[in-house]
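**Q** Got a structure for you, written out below as structure tokens; questions coming shortly.
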Amino acid sequence: MNNPPPMMGYQPSGGGSVTQMLGTPQPLAQPLHQTGPTQQAQQMLQQPPGLVSSGTRQMLGQIGQVGSNPLCHPHQSDPTLVNNPIWKLQLQLAAISRQSVGQANVYARQNAMKKYLMTQTNGSQQPADMAKSLVDFTKQYLLEMAADPAVPNNAALAASGQQIQRPHGTPVSTPSTPKAELANNAQTTPSILLQQQQKKLSQFNIDEDDEVEHRMMAPVNTKYDEQLWHTIDLSNLSVYNLNENLFKYDFLTRLYLNGNNLTHLPASIKQLQNLRVLDVSHNRLTELPPELGMCYQLKYLYFFDNMVSTLPWEFGNLFNLQFLGCEGNPLDRQLIKILTEKSVTGLIFYLRDNAPEIPLPEPRRFIEVNADGESVETYRCIEESTNHLNEELLKKSFTLLSYNTLCQHYATPKMYRFVPSWALSWDYRREKLKDEVLAYQTDIICLQEVESKTYEEFWLPILEKQGYSGIFHAKTRARTMQSKDAKKVDGCCIFYKNSEFTAVFKDAIDFSSVWMKHKKFQRTEDYLNRAMNKDNVALIIKLRHERTGEHVWVVTTHLHWDPHFNDVKTFQVAVMLDYIEKLLKQHGGVGSPQDKKKIPLVICGDFNSQLDSAVVELFNTGSVRSHKDIEGRDFGYMSQKNFAHGLALKSSYGSIGELPFTNLSPTFTDVIDYIWYSTQALRVRGLLGEIDPAYAAKFIGLPNDKIPSDHIPLLARFEFTKGSSATINTNGNKTV
């Protein structure tokens, strides 16, 4: 059979039969809709054997069986679905999909025809319907439905709207989509949801076929994509099994497996995390693998005419999904109810918010490190490690925690659509953060992304009760705002145990203002256009260790986030280190350049810089002369001196290897948080280990119900080396 796709178009809702709603030409409507899928399959099977392959004949027989099963077509038992715009779209697209059964590599053929027709018309006309693929029709119909004023905006279609609380162990009979994630619409009807989807289907949402053309027209200085193809079409080829090598092509954005004899999809499909389109319609699947939920970039997922009865909870990760083709399956009626009332967005949110708890196998281990920097023992927690320390080391050491806590104003449902709404709420997260920070009981606590109000009303009262004192410094813009608005600006804070330390000196750095006051300040174009408007800060405190009389300088910072401004981050670190060196000279009794290397110093925070960055090179080597991050940039004196500093610093995790990640998100997972220390004054004696890898592999990003931030905390135990600051004069009592 080689019928072209039906000449369909979206028809405004409101009465009429399924045939009329589909707008199918009468010659095609007769065999398609009036005789039903079973008879259609029988008619095709009656054709001469040479026209239909054996695999196709088997598939058509299967479709016929599915078509005769009312469980696979809920509108047969519930006629109201015929007038539901969401289900009408299912029927439209399922009918289009069925027309391609038996056409080998149908997507490739349609794409070739589309390109041919565009070439013939010089791109002046839209391709004919016969050249449109199922994906093309899907996008077209979604846009038409979203723009159609005739689609009923009926509040009766919306669910009862009961509040979703922590759901584990409690079935939700009438689930609802969190209002915050549906733009607080009073009526969350299919038409409203489709209008929201229209924004995602705009011309700026480029699909991969368009990206190929876009790359061909890209400017010469655009980074070249070496991978020239991103699609595999194995449609209608009588495939029974898939080779595992297929899933090593992690660059794939489209995979077409429809019209085959597949009975399962392998778990390794999770490796295709660039996948945007997957069509597995007209197979013999009885389930979809939970691992498919890791393919969070999926926009269009089709599994028409299989035997799938439910959806994995892991599909709650598919926050980019715009269409889920499920007609022709004995899908659970509760899921169909949610789909038709809340659209695919509400269905995904339901799966996300009601997913069973994934237990954390064990807490992060604490790794004991010997004087040579080698790991020698692993403990279940830092408390257990402390209990095993000898008395001398316990007296000469202290512990420090660095943690980006994810400011509540950054943790929006729009930015973290993969996180259950209840787990993203600030009330829930702050309790988790409090429990986590207090559980570590470190001597020094350095936090980033803390709102002024949160510091004053949450962290300070809690930690003061635990015997801590603290200081805080908000980002620069807080100094230009009214008090009420300034309370919402985040910054950095440092807490220290009063039983372990006494504050000797405090200061803060606003990078831009500090540099403008520098005696060698120059108004370069890069500083004015790229760095001056960044309002990042650093917070500094000098502490006296009560048990040893030693002094340690503690600095915490949060650098600019944008990877396109890695030069600015390098500049910010250079300004910070330059300022710290001046403070060490003024308030540390530094006589020679070598003296400042012997002063205990810890610099920690979120540096938004990967291990191969200029920032890390600057910390490790003392300067950065030639690096892609700073290539062609001019920050005046800082660039002229290669951003150099005179401190001897090293990452605390350097001796045992950095963690697999400190920040986990769908689009970025890497190490960007560090604890740097002065190697001639301090020695690392313990480190907090990684999150259980098997547990982390089950999530596309953080936070979640167990980990309340998109970052994980770093924790280190430091030992003062003998006499590191015994000869250094310690004066000064400046405060902020």
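Just so it is clear, glycine is given a Cβ too, placed from its N, Cα and C backbone atoms.
What Swiss-Prot records for Glu449 is Mg(2+) binding site, and it gives similarity to another entry as the kind of evidence. Annotation comment: Swiss-Prot describes 34-51 as compositional bias 'Low complexity'. Annotation source Swiss-Prot lists region 'Disordered' at 1-52, 160-182. Residues or ranges marked as repeat 'LRR 1' in Swiss-Prot: 251-272. Look at Swiss-Prot and you will find 320-342 tagged as repeat 'LRR 4'.
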**Q** Against which stretches of its own chain does the repeat 'LRR 1' (251-272) lie, if we need a Cβ under 8 Å and a gap of at least six residues from its ends?
**A** 55-56, 58-59, 97, 100-103, 106-107, 208, 227, 230-242, 244, 278-295, 302, 304
**Q** Does DSSP give the residue listed as 'Mg(2+) binding site' helix, strand or coil?
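**A** Reduced to three states, the DSSP call for the residue listed as 'Mg(2+) binding site' is strand.
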**Q** With DSSP, how much of the repeat 'LRR 1' (251-272) is helix, how much strand and how much coil, in residues?
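**A** Residue counts in helix, strand and coil order: 5 helix, 3 strand, 14 coil.
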**Q** Around the residue listed as 'Mg(2+) binding site', how many other CB atoms lie within 10 A of its CB?
**A** 24
**Q** Let's see if you can do this one: DSSP helix, strand and coil counts over the repeat 'LRR 4' (320-342), in that order.
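**A** Each residue of the repeat 'LRR 4' (320-342) counted once, the result is 10 helix, 3 strand, 10 coil.
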**Q** Average the pLDDT scores across the repeat 'LRR 4' (320-342) and report the rounded value.
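**A** Summarising the repeat 'LRR 4' (320-342) by its mean pLDDT gives 97.
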